[in-house]
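> First the structure, which I've put down as structure tokens, then a few questions once you've had a look.
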């Protein structure tokens, strides 16, 4: 989510795309809700075969590059038969509704036919029950809401000399790959999305067939060879009467800013100057600056999003032919039912994976509590947020020789002098009292203060929860200070404002925000102790406190990073709504998500401090996910036929567990004083570790899983057989193999209940040259581990089965962690995290 404390967004769709199935006259819909209905017949994508291998050993060798490529079904062109089948399913949906709800009123919002066969309908609870009893209907789910969960990060990730260099430089990085963004839309006028930034030809990929909506807000010509598709989805929101076409924009245009930001993190053009509040903060680039962008707007500033609209967006993205889907959104609540995996969004994404689409999702900003994860399924790569090494440090030097750190993208005061500190409450006009305006200390209105008292001095203002809610802004306060001719503005933190990420905000005058409540107390103690107050009138007769603002415009790169941010959601993965732990590792990976510069919509309101700016600095797992989506585009470019699981494997097995100082990655453990309350990160904090872009392009070995593997896994969940049938149209008895969570061929091993012993197998495949590997491991506490073989030679293209025996040696109520390492003599290192909860039954 972009603004991590207030990311409550919703979804919308083109008014013109609403399917007119209102069977009676319009009337009050107060007793109706939106339901997502799936039918028993398979969707279009399920008629295609699973991953096929071109040769017996499953590999194709390029004699010149030595690259190994997996073949996946590509829907380069949707056939006439496919289109006819899509039209046929839509007619079936209409016919079913008319038959079951004969003579009743309802409104069909969408027909889904590519990834799932079903529709979204506005209906009463009684009508939903009627539909659920139909022999043609497999599942009826009440719609639910969702929410939204960089100049330097390419350098921090080593792209210029690493991954970009391997792919021919930034001029070609990600070329031919289309990333689909399910988000709040995009500002097509931003230079990060222009197609004229390179002299090289920039063709639209032939396999992409999406369109660009044309509206008043998104005129003809908004799309180009960079921004190749744009649509919007809002039917569910419109039926609720909460969609405001003026504020929310009935078009792909981004009135929020979040979608523009995430798209540019992944795929924004290279070398775009970041100028905010008149200050230059460097040049921006996406992770894959040559890749293409397709936008599917399904979230909005004022209300968030709804699953019915998100599923429609996912379905369309897959039909259009995107290669990667980036989701910086999470559900507002844990899905009910037998397992968290069984919800319309995750099941649509499973079909997308079957179609060869790699899916990245933000972990959510609900950390640091255990099991706070908002992304659940093993076919999705879930990304947590970490810091990176760039910081903008500001500080204020007090007259008592104390220096207090703070934040603020602002210049400093004149180095040669100290300035008087004047609190806003002590500078009120004679006809103004605090009783008249209890928020006057937030400095939002210059007319309430004495200009002659503030002129040339530092104005102290309070920072309360109202700033978090957007009711007060740094921008208005600094404008007030400027209008009063203040030398600068100082914000101190209200003690009730804890647990919120405070991004550095731009100020056009000297300023600082003291983010710590303890440091704010130090400031105010110094200020109050330096006042002279008349004993009779109780008025201040002398302001004795002085200070200088040091300024925070210059970036420093000495920060030890990465570090798991306190807001990043944590594992273990909740398997159901009770919740019980799932045998699936979540999150899967860490990526930069804190203080990220990226493009901003010209009308973006998600962060009022950046209103009207071309760039904004945001924090959240929403920023981390598109970093990985962009890096996945580089992998797809190099290995165009890798399965989604193979792409996820390359990112996971090559991830780093160490920070820039050589120590273990640390994880912040609390909202209050997160820099103090931290400890070494576990796989439930960081997954496999922090993404290593360069190593991911040369992983050595990979782990692969297929759609059938995921189906077999789902079928092992108690009570899942009818749910699997409902969502996929497939019977569990057709899946002969039994694959529990630990048995999925993933690049990690997670066991939520190890009773006595367990044998787990993993199969790796060599995509490099012939190599000899040795195996080492660090066993979790209370568990003995044995891996065989301990050494193996593996030829290019061959597979090797590894057997891992885990024995419980002591009962424990908490998880313990370890790691298996595969060390190749050609320099490849493959990391496999172990997460085990021992529960020995008597």
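One is the number of the first residue shown, and numbering goes on along the chain from there.
Note: Cβ is positioned from N, Cα and C throughout, glycine not excepted.
Those TrEMBL annotations? Automatic predictions, nothing curated.
Features from TrEMBL:
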type	residues	note
SIGNAL	1-23	signal peptide
DOMAIN	85-148	domain 'Inhibitor I9'
DOMAIN	174-659	domain 'Peptidase S8/S53'
ACT_SITE	183	active site, charge relay system
ACT_SITE	258	active site, charge relay system
ACT_SITE	622	active site, charge relay system
DOMAIN	743-836	domain 'Subtilisin-like protease fibronectin type-III'
> To the nearest Å, how far is the Cα of residue 183 (active site, charge relay system) from the Cα of residue 258 (active site, charge relay system)?
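That comes out at 7 Å between the alpha carbons.
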> Rounded to the nearest Å, what's the C-alpha distance separating residue 622 (active site, charge relay system) and residue 258 (active site, charge relay system)? Just drop the number here, would you?
8
> Measure the Cβ-based neighbour count of residue 622 (active site, charge relay system), defined as the other Cβ atoms within 10 Å of its Cβ.
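A 10 Å sphere around the Cβ of residue 622 (active site, charge relay system) contains 35 other Cβ atoms.
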> Out of 183, 258, which has the highest number of nearby Cβ atoms, where nearby means within 10 Å of its Cβ, if these are the active-site residues?
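Highest number of other Cβ atoms within 10 Å: 258.
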> Under DSSP, is residue 622 (active site, charge relay system) helix, strand or coil?
helix
> Take the domain 'Subtilisin-like protease fibronectin type-III' (743-836) and count its residues per DSSP category (helix H/G/I, strand E/B, coil), listing them in that order.
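So the counts come to 1 helix, 62 strand, 31 coil.
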> Tell me, what is the mean pLDDT of the domain 'Inhibitor I9' (85-148)?
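Taking every residue of the domain 'Inhibitor I9' (85-148) together, the mean pLDDT is 90.
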> Where does residue 183 (active site, charge relay system) sit in the DSSP three-state scheme?
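In three-state terms, residue 183 (active site, charge relay system) counts as strand.
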> Is it possible to list how many residues within the domain 'Inhibitor I9' (85-148) are helical, extended or coil according to DSSP?
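Counting residues per DSSP class in the domain 'Inhibitor I9' (85-148), I get 25 helix, 23 strand, 16 coil.
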